[in-house]
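If you check TrEMBL, you get these features:
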- B:21-40: transmembrane segment (TRANSMEM)
- B:23-218: domain 'MacB-like periplasmic core' (DOMAIN)
- B:256-275: transmembrane segment (TRANSMEM)
- B:262-373: domain 'ABC3 transporter permease C-terminal' (DOMAIN)
- B:308-330: transmembrane segment (TRANSMEM)
- B:350-370: transmembrane segment (TRANSMEM)
- B:393-412: transmembrane segment (TRANSMEM)
- B:418-440: transmembrane segment (TRANSMEM)
- B:471-491: transmembrane segment (TRANSMEM)
- B:706-725: transmembrane segment (TRANSMEM)
- B:707-806: domain 'ABC3 transporter permease C-terminal' (DOMAIN)
- B:746-768: transmembrane segment (TRANSMEM)
- B:788-807: transmembrane segment (TRANSMEM)
Amino acid sequence: MQTINPDSQRPTLRVENLTHRVSLETDTLTILKGVSLEINRGESVAIVGRSGSGKTTLLGLLAGLDTPTEGTVELDGSVISGLSEDERARLRAHRVGFVFQSFQLLPALTALENVMLPLELASMDAPEMRARELLERVGLGERLAHTPRQLSGGEQQRVAIARAFASNPAILFADEPTGNLDNRTGQDISDLLMALNQEQGTTLVMVTHDEQLAARCARQFHIEAGELTEPVTRRELTD
Amino acid sequence: MTAAKKLMSVRRDWRERDVRVVLAALIIAVATVATIALFASQLQRTLVSSASSFLAADRQLEAEDGRPVPEPWIAEAVKRGLETGRMVEFSTMVLGNDAFQLVSVKAVSNEYPLRGELEIQGDSEGSREQIKHGPARGEIWINPRLLKLLKIGLGDTLEVGNRNLTVSGLLLREPDGGFSLAALAPRVMMHADDVASTGVVQEGSRVEYVYLFAGKEAALDDYYKWLQPQLGPSQEWKGVRDGETLSRSLDRSESFLLLGGSLAVLLAAVAVAVASRQYALSQRDTVALLKTLGLGSAGIGQLYLKRLALWGVTGMVGGFVVALPLFWLLTLLLGEALGRPVAFQLDSSALTPALLTAVVSLFAFAYPPIRRLKNVPAMRVLRSQPGETGREAWPDMLIALVAVFGLIWLYAGELSLVVSLLGGLALLLALLAFLGWILVAMLRKVRGGGHAWRLALVGLYRHRRASLSQIAVFAMTLMLATTLILVRTSLLDDWQAQLPDDAPNHFLINIAPDAVDDVAGFWKERGQPLDQLYPMVRGRLTELNGQPVKEVVSKDQRVGALNRELNLTWMDSLPADNAIVDGRWFEAGQKDGVSVEAELAGKLGLALGDKLTFTIGSDKVTEAVTSIRTVQWDSMKPNFYMAFPPAGGLTDMPATWITSFYLPRDRKNALNEFSRRFPTVSVLEIDNIIERIQEIVRQVTQAIEAILVLILAAALVVMAAVVSATLQDRQREGALLRTLGGRQSLLVRSTVLEFALLGGFAGVLGVAAAEVAVWALQFRMFEGAFSWHWQVVLPIPVISALILALFGRWQLSPVLSVSPMLLLRRLE
Ligand SMILES: Nc1ncnc2c1ncn2[C@@H]1O[C@H](COP(=O)(O)OP(=O)(O)O)[C@@H](O)[C@H]1O
Ligand SMILES: [Mg+2]
């Protein structure tokens, strides 16, 4: 299903002058101020910053879960800030995967069904086979019929990762994927995430305040009080 | 099954607490309405058919002029597909074994009865049978009292005029034996084709020809339209709807059942609304995730609409599954009450209100909060969004209110009833907001008591919004239930007062003026004193203010009183159960004027001072209307449309006297002696009819009890819905308390106490509100006087505290009995 963009020079995600404000009861709060960035196909990028600096808000805008007050977000060539909510949903179904801090599995469904769900929503073929394959891959081949409540936090996040990669997304967004896990488990999860990302050639945009995890990404954006400071790449650092 | 389907499957839904509440509420609403509607239509059918059987047909045509009606009239009825039958009624002396007796003969054709059944006893052993035909030619059936009077037995012959007939049965009950005051002497029944050979009936002798008709209502009405212009003054068309007593009881019971039903539906509606809101709140995370995974808002809307449709189907099917056995049971009881099997008949049109209830409940109460689900921002997966402010819910409330109003109006059909019901609720809720606030403030100040007590108070205060709404809802429930209990009790009393056990069950008619004292003495000696005796003069109302009444009073033939001779009377004091609505009752010594019954006055458009002219035999009497009074037609006492003052307009008119009295079944033999001593006095036995009406009243009471059970069920569903709203908080608090070392028994005791307090307060408030509501209802609907009902009302707060304590223990058992570890995990 994945369509390869012939023009590899063109960035997968381009953000221009993104500003986001929310109106509170008395005044308006500016959460993001003039954020511009470009992320290329297959790249892995970390967004780091202190709690409350606006990371989650930015991620939500990049993924088209919300629309910015000003500025544009261009994902795979379409300006998602100009799309209707349903058009954005359709785009997400086929192109975008998510991993969340709080896992967000549906408690009523088994591990297998949780992974099948996005495949079905995107009307893909043989959802069950693909879901089994992925759960095997994340090491939960024995736990297919278990519901989230019967799984530990780390196991739940594995299911979530399997779900995120299920529909073969072009781009994967992760919000503090290890935030709710202990160090060891967090380490395992980030290994898995990076490995799968490598295998599938997915573009990865990850929000984290875990410096170690951020360091494993090709590039890092620092955000402070809603403003982007200069992006630094690992390559630049090592060179 | 695919994951998406499973996510939306009913089986999965059923595990969702709120969905169970919604479904249970829907089922109760549908079941209530269906049961009532089915039963009401069954009752209607049964009563109309039993009323029809009072005529032995759907309609009768009576010719009082001693001549048969023209043959073509009957031929026309047959041509129109009506069933017909014929009866000849007359009085004559018959000869038994050396004894003469005046009897009232009813000679019937083969078709008799078209409706209803006869009860006879074919052999002296005494086994009763119910049959649908009269005696064969050459045979005669007689009232059992005649056995002694005529000194004969079954199989003997009886001489009727020139003819000998064989006594082949004892006539115990004839369907059309009851309500007409024209009945005479002990009854015998023979075949109509034998009448001629007796030679008793000749041109001009006192004989009544009665024709029976049965068929479809429309055909009967059409036939009457054809027949009406040809009817002479002595020919009268009679239908069952004139059978006042039964149709009145029926109307009352129906509106009463529906009132009860509205309460159950109202409660169910509250439960549906609360639970579906709760459900919608719990679905927000799922919706946000589905959106994130790429499902559009249209898709989400569809998903939940499908689910709603499934709920609707489940509610309807479940409701009918509950309603049918209930209806079957009630029908069985009805049959028992009437002493004969009632055909169990499902009237499919009676299901319409139930279906409408389900649809309205779904779309007006369940749908609004669920509809807003598709607006849940996808961003919610990343960060919990500001919740609903409650402002969005305002239109929901409006929709729900309009829907409730519409539904109850649909059931009760009376605007004033809906207004007083909903008005009572609004009043109650306003009062509750106020009193609840005082309660919460007061409780905060209470010090001392055990740990459990303090925890209960803290709990009440911490969930004060939930506590307030729980008190409100349960108080409302109790108010509704109490109202129903009270109204039911007072309604029953009302009925009982009208038909006490010793209600008159026999009429004595045709008492000659000089026999009045002897007749009264006869019954006084036997310990069965007569009620008030009234003189009775037969006459027609012929002119109104000097003009022929038939011209003045348009063509409205429903004024049946104009088509027949009226029973006129004179009396000096107003009977206790009559009431003057206009004008004044006759003063002592007053000799002019006439008092008219209110309904007839209304139909004729009479006002005080109008001059009425009556034709009595060859005389004419004209008097002005001086008062208009209401009459209790179902009192089983002689009632009169027209009453004159003593020595007034009826002076010197030929009068006989009429009275009613109570005679227990085991003393009916006294009637034999009475008939021998006063052969010309007619005895009208209506004890069977009275028994039947009393049974119907009892039956309706049973139906009301069934509805009460449904109401209580609905109330508990409401409570379950409200408990849901606090469940998560309580789980968290319970887990915390236990983690901090609180014992499980402490948690249980404090929870039970908290709910008992809720119940107690709700009880007090509910009962107070009920008294107000009952007052309003009695005032508006039943025209009764208000009185307090302490005996009923006092135990209710206690019972309510008890019920809620148990209910809280049950509903919160997942919170109370689970280990704190598991609780914490589950909340994660
Ligand atoms: N809808 C909103 N209403 C009010 N404040 C918001 C809203 N969304 C975000 N914020 C505020 O904006 C700031 C940035 O939030 P967030 O993007 O979640 O930061 P981060 O993920 O970096 O911790 C926080 O102070 C947060 O409280
Ligand atoms: Mg964040």
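Just so it is clear, glycine is given a Cβ too, placed from its N, Cα and C backbone atoms.
Bear in mind that TrEMBL entries carry predicted annotations, made automatically and left uncurated.
Each of B:21-40, B:308-330, B:393-412, B:788-807 was scored by its Cβ pairs under 8 Å to the transmembrane segment (B:706-725), and the highest score goes to B:21-40. Sorting the domain 'ABC3 transporter permease C-terminal' (B:707-806) by DSSP state (H, G, I as helix; E, B as strand; all else coil) yields 88 helix, 0 strand, 12 coil. Between the transmembrane segment (B:788-807) and the stretches B:21-40, B:393-412, B:746-768, it is B:746-768 that has the most C-beta pairs under 8 angstroms.
Listed by sequence, the residues of this chain that lie at least six past the ends of the transmembrane segment (B:746-768) yet keep a Cβ under 8 A from its Cβ atoms are 428, 431-432, 435-436, 439, 451-457, 459-460, 467, 470-472, 474-479, 482, 730, 734, 737-738, 793, 796-805, 807-809, 812, 815-816. Taken through DSSP, the domain 'ABC3 transporter permease C-terminal' (B:262-373) splits into 98 helix, 0 strand, 14 coil.
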